[in-house]
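Enquirer: Take a look at this one; I'll ask things after.
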Amino acid sequence: MKIRKVIIVGLFAFAGGLLRYLVNGHWGLVGILGCNLIGAFLLALLTYAVIERNLVADWLSLGLGTGLIGALTTFSTFTVTTIQLWQARPLQAGLYFIVSSLGGLLAAGLGAWLARYLRRP
């Protein structure tokens with residue numbers, strides 16, 4: 001692994017983590033949900049519209065996908081948040097789990113669809 005790639009991922013991850021922290025601090029649970037849904041959409045859009053077509057340099061796609069979006073959306077936060085909610089408010093935990101899971105799939109599907117739509121001649 002080249003040190004340049006590690007640095008690029010780290011720099012973009014710093015930005016994504018900072019953004020997530022700020023959003024979470026301002027909007028709480030809704031902010032985390034928004035980060036995850038928007039991140040799912042953006043990663044699919046980036047993958048299908050940009051990366052597959054080689055429209056950006058490899059270092060930029062690595063930084064955006066793995067670094068920025070990877071730090072913005074974390075499965076570990078989703079899991080721990082669900083468990084914490086379950087202990088205090090099981091109904092809200094179930095709703096959060098369903099909306100996050102299905103919403104993430106729908107957001108990623110929408111991102112992939114939009115990417116393919118934009119590629120049409």
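Placed from the backbone N, Cα and C atoms, the Cβ positions cover glycine too.
Relevant sequence annotations retrieved from TrEMBL are reproduced here:
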type	residues	note
TRANSMEM	7-23	transmembrane segment
TRANSMEM	29-51	transmembrane segment
TRANSMEM	63-87	transmembrane segment
BINDING	Gly70, Thr73	Na(+) binding site
TRANSMEM	93-115	transmembrane segment
Enquirer: If you count every Cβ pair below 8 Å, which range out of 7-23, 63-87, 93-115 shares the most with the transmembrane segment (29-51)?
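Expert: Stretch with maximum Cβ contacts: 93-115.
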Enquirer: Under a criterion of Cβ-Cβ distance under 8 Å and sequence separation of at least 6, what residues of the same chain contact Gly70 (Na(+) binding site)?
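Expert: Result: Val9, Ala13, Gly16.
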